[in-house]
Amino acid sequence: MFLMEKLLERVNYILEALPYITQYSGKTVVIKYGGAAMAKADLKESFAKDIVLLKYVGIHPVIVHGGGPEINRLLDNLKIPTEFVHGHRVTDNQTMEIVEMVLTGKVNKQIVSLINSQGGKAVGISGKDGNLAKATKAPIEIELEGKEKQLFDVGLVGKIESVNPEILHNLQKAGFIPVISPVAENSEGESLNINADTFAGEIAGALKAEKLILLTDTQGILIDNQLVTGLNRNKVKDYIRKGEISGGMIPKVECCLTAIDQGVRRTHIIDGRVSHSILIEIFTDQGIGSLIES
């Protein structure tokens, strides 16, 4: 009897997913992959299995990835000094060569191989391939003590100006899973390093994705150390204004707002340290992390 109860419990888990499979089949979900989920072997495997399962039930995942720790490791090994200004890496020509080599040549291909090893058909590209994205240099705004805010040039760091999703549509139609490295060109043909969260938001908007999911190393958006499970634009802006959303969480929530402005229905900031967090978010009634919607 106990065995039968356990089997029925498993069946109920599958049945819980059924309405969500029906709802999202044929739809695009953009996932920003980074943090601990990229570093730990068990989490990497669970991520790859999640992505392959999504594809097999008719959902179209598109992956945008980071890779900061790998970049730092190679720069250290090559004894290339790294300068940061207010948390932003100053990226000269030499550093950009390393960034592109690591992101597009190493990390991207590792993710492709990981997904393919679980039965998927992943293809790795960057923003430069198929004219996917065009970018422009993006100086940062800093405030020095006793002075007004001013722009500071951090080198070959960019923001997305436009996205042409044709290559992604073609890959999806052919049954492939696009894996995108956050490197794009400007009008002068220079390679620029793009914040992966920001890039994911722009990709989601261009594809009119059903969902944007950001994997992070936190439960979601925490206010007074409590997880906030649901927010809208006004609430996010209010938390930023009060300083309750700050630091590295700001570009994450802002990319969610950008995606929403471009037609993405739901955006999620979830804990990538939790095994199978993507499946928990998409296929369970409770979900996981923080939801931001219009």
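Cβ from N, Cα, C; glycine included.
So that you can see what the record holds, here are the features copied from Swiss-Prot:
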- LYS32: site 'Transition state stabilizer' (SITE)
- GLY67, GLY68, ARG89, ASN193: substrate binding site (BINDING)
- LYS252: site 'Transition state stabilizer' (SITE)
Spatial separation of LYS252 (site 'Transition state stabilizer') from ARG89 (substrate binding site) - C-alpha basis, Å: 18
Site of maximum Cβ density within 10 Å, from recorded positions LYS32, ARG89, LYS252: LYS32
Shell list (substrate; ref centroid = CB of GLY67, GLY68, ARG89, ASN193; cutoff 8 A): GLY66, ILE71, ASN72, VAL99, LEU103
Distance, ASN193 (substrate binding site) to LYS252 (site 'Transition state stabilizer') (CA atoms, angstrom): 17
DSSP three-state assignment for GLY67 (substrate binding site): coil
Pairwise CA distance, ASN193 (substrate binding site) versus LYS32 (site 'Transition state stabilizer'), rounded so that it is a whole Å: 16
All-chain count of other Cβ atoms within 10 Å of GLY68 (substrate binding site): 16
Integer Cα-Cα distance in angstrom, GLY68 (substrate binding site) to LYS32 (site 'Transition state stabilizer'): 14
GLY67 (substrate binding site) versus LYS32 (site 'Transition state stabilizer') - Cα distance in angstrom: 11
